[in-house]
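What TrEMBL annotates here:
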- Gly35, Val38, Asn42, Asn301, Leu427: Na(+) binding site (BINDING)
- Cys141-Cys151: disulfide bond (DISULFID)
- 29-47: transmembrane segment (TRANSMEM)
- 59-80: transmembrane segment (TRANSMEM)
- 101-128: transmembrane segment (TRANSMEM)
- 186-207: transmembrane segment (TRANSMEM)
- 219-247: transmembrane segment (TRANSMEM)
- 259-283: transmembrane segment (TRANSMEM)
- 295-316: transmembrane segment (TRANSMEM)
- 415-436: transmembrane segment (TRANSMEM)
- 457-475: transmembrane segment (TRANSMEM)
- 487-510: transmembrane segment (TRANSMEM)
- 531-554: transmembrane segment (TRANSMEM)
- 577-602: transmembrane segment (TRANSMEM)
Amino acid sequence: MVEERTKADGPQGSSEPAARAGWNSKIEYFLAQVGFSVGLGNVWRFPYLCHQNGGGAFLLLYVLLLLVLGIPLFFLELAAGQAIRQGSIGVWKYISPKLAGIGYSSCVVCFFVALYYNVILAWSLFYLGNSFQYPLPWEQCPKQGNITGVCTDMKECERSSPTSYFWFRKALDTTDSIDEVGSFNTNMICCLLAAWTIVCLGMFKGIKSSVKVMYFSSIFPYVVLICFLVRGLMLEGAMDGIIYMFYPKLEIWADLQVWLQAATQVFFALGLGFGSIIAYSSYNPKNNNCHRDAFTVSFINFLTSVLASLVVFAVLGFHAKVKVDACIASNLKQLSELYQHGFIDQTQMPTFNSSDSSPVAPEVYSSWFKEYGSKVSANLTDCDLEKEMQKGVKGTGLAFIAFTEAMSRLPGSPFWSALFFLMLLNLGLSTMFGTMEGILAPLTDRFKTLAKNKTKLTIFSCIIGFVIGLLFTQRCGNYFVTMFDDYSATLPLIIVVVFECFSVSWLYGADRFLDDIEVMLGWRPPIIYKYLWKYICLLAMVGLLAVTTIRTFIKRPTYTAWNQETASNSDLPYPDWALAVLALLILFAMMPVPVGLIHSFLQDRKKPSRDTEAGQYSIVNTDETPMTELDFRNGVATSMS
């Protein structure tokens, strides 16, 4: 599936390594790049943001920021990787030795992300394994019996829901806070071992083996999403959910918070800063049209998010309709009983027939409730469709609670459940392969010993990932997943991209970079990229960095904890020791950047390199040869002095 591109590809004198793997076809490259960028966030984060931030108005804003920020930065990473044909460490070291820390920082962030991301795959495996039974185990509460603790479990289930109970008690057996460590979850340890084993086997021979898996893992989720969309549109209430999500609220554009969330989603959806884009692009031929690739992959990513949103809200619309109908039926039953006993008079009764068994339209009931609900001395609720669709539509709450509950109401629920969690597993695997490549490719490019033992490095990395990942299999492990997800990557990745943008547009020079791309592609990209890289993208990322930093350090971070006694979620502040861990995660991820700068300055003092002309600088490759220009025609750094 993968061919080797040797030294013969370039001219004599090339400093390119003796051999480097390459994609055997364009399809393989697209599957890998799309598989990495399209992940779990497209299914459970984008629909939530779109729903919370103005529906159709958020989509328009997202497309705008994708064109202005996302695609230019994506193109920058693709071009740099394809031209220099190394991982993130080698790319930024070739541009300037002072920037080598950027690549190392990307590796650290990729490692942190891989640790908790594979835990989510373990959760998906657990649910997938439990999907092959009827009825599904999360369809009903545990039955009364003499089993120890069953009474407590029943109360927890009755106060919440069977799906919430199964998630928090059966799957995670979670504690009430991050301070309560608890024992290890044996089921999750086994699932985590299986997840890392799958990743290891998929990465065993680098892209030669992972690309074979991607033919399935990258395509299968689209088949499942289309199946779910067709089935979802056939459900009652599906169109209510879709209309509710996409109804444009243009006034939301005046809210700065919405712009920040849209920019952050564009940033993370494309996988900028991880080094995986650079790594995958480095296996391309030097004349590949990476400009077209940037637009193609970006819009495939966006359309996937829209498709996932249609599926999510079609199913959630059905789920909300079922809940609202049950709520209205219960309230009408109360009204009927109160009327029969003379507690309310005829004027307070609804004009529709409360004794009729046919469901009452939510809007009809809502209209009556607004006028008479407060006048009736009964414990009635408004049965609001919008409030029902707001429940559990983000992250794990969407995938493992709201969506599972909706699927349990479908005919043939085990089939749909197995299909859904198999889709989550494949979405996660494609992203994991890209994340691992963002670790392995830069290290093997930088260190010859590791390059000779890449298989051993892959196995060792997976073993280390599993051992450290045991932290997340404790009863409080899901709180650590939240901590890593919220803080281990956000700030460091933004800093990495800020340095990437600054180094290319100002340090190396945007005009020179465009010149090199012209030599590589045979045509010059539009001049607008120069101004986007130098000003718009850079200022936007610096602004995002500033706001993220202020929000992180001014407001005490919190996490959502499950309280077993009340059977509900509550936001708790992180304890001091957890804040220390959180700070260390951020510092470890950012540390390589200043360390690389300091190391380079110390090396310059010991062994000064030759100065170049004004406005340029010395670029030194791995064998200390002075480099004053990047020959992008050959895809390597070549001395022009």
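Note that Cβ sites are derived from N, Cα and C of the backbone, with glycine treated the same way.
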The transmembrane segment (186-207) versus listed stretches 101-128, 259-283, 415-436: most Cβ pairs under 8 Å: 101-128
Cβ neighbours within the same chain of Gly35 (Na(+) binding site) - under 8 Å, at least six residues apart: Met214, Ser217, Ser218, Ser430, Thr431, Phe433, Gly434
The transmembrane segment (487-510) in contact with the transmembrane segment (415-436), cutoff 8 A, at least 3 CB pairs, sep 6+: no
Interface check, the transmembrane segment (415-436) with the transmembrane segment (577-602), three or more C-beta pairs under 8 A: no
Residue, out of the recorded positions Val38, Cys141, whose Cβ gathers the largest set of other Cβ atoms within 10 Å: Val38
Cβ contacts the transmembrane segment (295-316)/the transmembrane segment (259-283), at least three under 8 Å, sequence gap 6 or more: yes
Rounded inter-Cα distance in Å - Asn42 (Na(+) binding site), Cys141 (disulfide bond): 31
Additional residues surrounding Na(+), by Cβ distance to the Gly35, Val38, Asn42, Asn301, Leu427 centre under 8 Å: Val34, Phe36, Ser37, Gly39, Ser218, Pro221, Thr304, Ser430, Thr431
Candidate binding-site residues Val38, Asn301, Leu427, pick with smallest Cα gap to Cys141 (disulfide bond): Leu427
Interface present between the transmembrane segment (101-128) and the transmembrane segment (457-475) (three or more C-beta pairs under 8 A): yes
Same-chain residue ranges lying at least 6 outside the transmembrane segment (577-602) that approach it to Cβ under 8 Å: 96-105, 108-109, 112, 178, 483-484, 487-489, 491-492, 495-496, 499, 556-557
Any contact, the transmembrane segment (531-554) to the transmembrane segment (59-80), with at least 3 Cβ pairs under 8 A: yes
Highest-contact recorded stretch vs the transmembrane segment (259-283), from 29-47, 59-80, 101-128, CB pairs under 8 Å: 59-80
Beyond the flanks of the transmembrane segment (29-47) by 6 or more, those residues with Cβ under 8 Å of it: 23, 117, 120, 207, 210-211, 214-215, 217-219, 221, 245, 265, 268-271, 276-277, 280-281, 283-284, 293, 296-297, 300-301, 304-305, 308-309, 312-313, 393-396, 398-399, 424, 427-428, 430-431, 433-435, 437
Listed in sequence order, residues with CB under 8 A of Leu427 (Na(+) binding site) and six or more positions away: Val38, Gly39, Leu40, Asn42, Val43, Ser217, Pro221
Spatial neighbours, same chain, of Asn301 (Na(+) binding site) - Cβ under 8 Å, 6+ residues apart: Val34, Ser37, Val38, Asn42, Ala269, Leu270
